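What TrEMBL records for 16-35, 491-503 is compositional bias 'Low complexity'. If you look up TrEMBL, you'll see 539-555 marked as compositional bias 'Basic and acidic residues'. Look at TrEMBL and you will find 599-617 tagged as compositional bias 'Pro residues'. If you look up TrEMBL, you'll see 1-40, 490-556, 598-637 marked as region 'Disordered'. As annotated by TrEMBL, transmembrane segment applies to 48-65, 85-108, 120-138, 158-178, 329-350, 376-396, 417-441, 453-480, 572-592, 643-663.
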Amino acid sequence: MVGGGGGSAAQLYPPSSSDFASSSSSSTRSAAMGASHRDEPRLRGSPGLYIPLLALGTLGVQLVWSTEMVFASPYLLELGLSKASMAAVFVAGPLSGLLVQPIIGATSDRCTHRWGRRRPYLAVAVALCASSLLLLGYARSLSHTVLLAGNSTSADKLTIFLAVLSIFGIDFSVNAVMSVDRALILDILPASQQALGNAWAVRLTSTGLLLGFLIGNLDLPRTFPFSWLSFVWQTSYPEGAPASEAQIKCMSVTTALLLLLTQALTAHAAVEQVYVPSAGDAEAREGHLQRKTSRVQSTIQSALEPLRELRKTAATLPDSIWMVFKVQFFNWIAMYPLLFWGTTWIGSIYRRQESSQSGSPDEIAERGTRLGSLAMFYQSLFSLLISVVVPLLLPATTSPSPNAAARPRIPILNVPLPLWNVGLPSLWALSHFCYALAMLFTWPASWWSSTTIAVLLIATTGFSVATANWIPFSLLGILVHEAEHGKSRMAGSEAEGLLSGSSHRAGDEHGGTRARPQATTRSAGEDEDEDLDALSFGPDRDVEEARHERLRAERGGAGATHAGAVLGLHNVSIVAGQLAVTAISSLVFALMDSSAPPVTNPPPGPPAGLNPSPSSPPSSSAPLPLPPRMRREAAHPAADPDAIGVVLRIGMVAAAVAGIFALRLRAKMAASELAGPATSGRAA
């Protein structure tokens, strides 16, 4: 179990004086008996805002992610970083998720600070994240301040270094903030409130994404209060600055302030338990010091223990859970490029569309970035609508559908629910095929240079984004529950929370142990039968495999399937897909950029076909130098091929493969029901 997590509902609220006296006396008795915590967790504030304030930190986290997704890639390209190099920079995202969250969760469990176990880590992580955001916005200003007498080439190199450093700082620190925010919900809310707490976290997460994309779409330098606080975004470079830099500065300041505000409210609302090492812990540490095994060896063994547990769990997982991992691997190969390259792709189409219009190239690029932010806003809005509406239209349980007269109905329309008798695997497969179709149409959008088609395509992917954040966790909850109960179907009240997507994280992240089938010795006859069955295909083979799997689970006896280990393996499948597509995109960008003609010295004046803006300096003065990327594209238009579109269409193939695996998962779950003793309900 991560954190304290249990307790009664009375622990949620600030206790009265009598309650506090009784809790103090009980805490004293518990400390005398060797209890490991002091005081009880509670929440400050208005009773109606307890849980929303506790989950408010997730809103600030999503603001950070939306800022990075919209502005990081266009800004790095504008600084002169190649697409191949920038794809390597964004490896920081999956690596930080794989390393930081487990480390922060494990180390904060034993923190004895007077603020509690989580809030000291939260304070440090938020400070680092806010500093990294400001470093991203003011990288160019800082480099020119440091190199007062330096040339522009050295300043550009230092700017790129600081911007890349800020990306790594944002990714690693925001993952630490995410880990602490989740742990606070688990620590303070009792089991009966975990579903509500996670539901609020999902709502505020969607709100944070919408708010981030909406703010990014505004012309912030001309919007209050930045229109009054011009010192925040104005620059005094000798060679001038691109128009997008003012927008990035305003966005980084806004995001940093909102992050500090939301996390401060969460930290104030949450009153944690103070961890006090018990007498048993002290004796265990003394015994550990007296062991002959050296500290280095014990440290290595402790570090390898989670890997052994993951390997042991992976060896005994059912095929259905492995199929979920396969779907997620290809799913993130498809989706990861769109999240970080979608804004840049729309910006490149917008530049080609507006190349004959008046205005400086950097102003056109800045408008293209804001158009990409608007497209991501539409995607998040559509995703939020899907996540709210679609679960209401699907079967809420895995048991047979009730009588139509007893089913809930849509108000006013008086239509019984659910409308569609479609299971989660089928809907998941449909979302992947829809995503693949959308990526197919990126080719005509790029060919015709149509921003309308491009924005529409990104908006429609909100359906796939919503299912990716909802269905896999629900399916894992169902499959782990089935593994625990020997493939018996769950009750309707339990399945409802899993299928609705509101409480799947609560039960899994609590880290409780579950029954796991153990490997057993197989007879030669069984091996021969299985070899013969492997030659067959279709539903009969699926049913036969499910029967073998169920028999092995029954013979294995009572094991222990760790839900935390299953989620850890699930996270590995996601990160593996992200790393794979990062390597693929780096290769694609390197090959397509190398096919462009070599870059020569830029022309002295504005590029052909681009008229200076009305605000440009007089003709007697030197023209404003363009950013490195703009100079390269102006000199050689062929140097900017549709490389991002190629990566997105590679994602189309991966999405189609994920959809096929989702259909395979549907067949396996249906076969598992047919192979079991009871065949109530349908899985797909």
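Cβ from N, Cα, C; glycine included.
The transmembrane segment (85-108) is in contact with the transmembrane segment (120-138), judged by 3+ CB-CB distances under 8 Å for residue pairs 6 or more apart in sequence. Contact check: the transmembrane segment (158-178) against the transmembrane segment (572-592) gives fewer than three Cβ pairs closer than 8 Å, residues 6 or more apart, which falls short of the contact criterion. Beyond the transmembrane segment (48-65), the same-chain residues lying 6 or more positions past its ends with a Cβ under 8 Å from any Cβ of the stretch are 12-13, 122, 129, 133, 170, 174, 177-178, 180-181, 184-185, 188-189, 193, 196-197, 200-201, 204-209, 211-212, 255, 258-263, 265-266, 269-270. Long-range contacts of the transmembrane segment (120-138) within the same chain: residues 57, 64, 67, 71-72, 75, 104, 107-108, 111, 113, 162-163, 165-167, 169-170, 172-174, 176-177, 180-181, 184, 248-253, 255-256, 259-260, 263, 266-267, each at least 6 residues beyond the stretch ends and with a Cβ under 8 Å from a Cβ of the stretch. Within the chain, the transmembrane segment (329-350) has long-range Cβ neighbours (under 8 A, six or more residues past its boundaries) at 68-74, 77, 90, 93, 364-365, 367-369, 371-373, 375-376, 379, 432, 435-436, 439, 442, 445-446, 449-451, 454-455, 458, 461, 464-465, 468, 573-574, 576-578, 580-582, 584-585, 640, 642, 644-645, 647-648, 650-652, 654-655, 657-658, 661. Residues of the same chain lying 6 or more positions beyond the ends of the transmembrane segment (643-663) and with a Cβ under 8 Å from any Cβ of it are 83, 323, 326-331, 333-338, 341, 344-345, 348, 425-426, 428-430, 432-433, 435-436, 439-440, 442-443, 445-446, 464, 581, 584-585, 588-589, 592-593.
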